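Noted in Swiss-Prot for the protein shown:
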SIGNAL    1-29  signal peptide
MOD_RES   Q30  pyrrolidone carboxylic acid
BINDING   H79, C93, C96, H97  heme c 1 binding site
BINDING   H114, C133, C136, H137  heme c 2 binding site
Amino acid sequence: MRGQDPSRLIRPAAMAGLLLFALVGAALPQAEPAVQIVPALDRLGRADVRGQIPPLGRPITDDVRRMRNYPEQPPVIPHSIDGYQLTVNTNRCMDCHKPQFTEGSGAPMISVTHFQDRDGQVLTDVTPRRYFCTACHVQQTDVQPLVPNQFRDGYRHAGGP
């Protein structure tokens, strides 16, 4: 008979026991977790310290072309670019650096590689992947390095050691 089945009574009792165990366990003081969260590190290995961000360095605007530190290094921008518009529709750098404008502006011409797509096909205009100049070229600023520069290019210069 159905009224005689003892397993019907065990299920509610087991559930009540589990609930009591969970409540008592939650009320007990918890031990310190074994894993502790550490502060984030910045790229120099220092702990994350929130505070005032230092201003950018003063731009060098002498229009002197700088020597590159290694082959294939993109040249730095030796003039101010404050207010230059660089959008999908407008690139003010092209006003001076496109081949047809360099004679009048005296600016160096864009490398021919900027007119080649990824397959090596020469285009009539700057390839879209080279259109945003500041992705590779940066404005030179007068700042002290954050860390000492120990870069050695391994390239043997003619007449050098």
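A Cβ is built for glycine as well, from the same backbone N, Cα and C atoms used for every other residue.
The structure, with features from Swiss-Prot marked on it.
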| residue | record | contacts (Cβ under 8 Å, 6+ apart) |
| --- | --- | --- |
| H79 | heme c 1 binding site | P59, T61, D63, Q139 |
| C93 | heme c 1 binding site | I81, Y84, L86, C133 |
| C96 | heme c 1 binding site | T102, S105, A107 |
| H97 | heme c 1 binding site | S105, A107, P108, M109, I110 |
| H114 | heme c 2 binding site | V126, T127, R130 |
| C136 | heme c 2 binding site | P74 |
| H137 | heme c 2 binding site | P74, P75, V76, I77 |
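C93 (heme c 1 binding site) falls within neither a helix nor a strand when secondary structure is assigned with DSSP, and so counts as coil.
Here heme c 2 is bound by H114, C133, C136, H137 per the record. The longest Cα to Cα distance in that group is 13 Å. Listed in chain order, the extra residues whose Cβ falls within 8 Å of the Cβ center of the heme c 1 site residues H79, C93, C96, H97 are I77, R92, M94, D95, S105, A107. Neighbours of C133 (heme c 2 binding site), defined as other CB atoms within 10 A of its CB across all chains, total 21.
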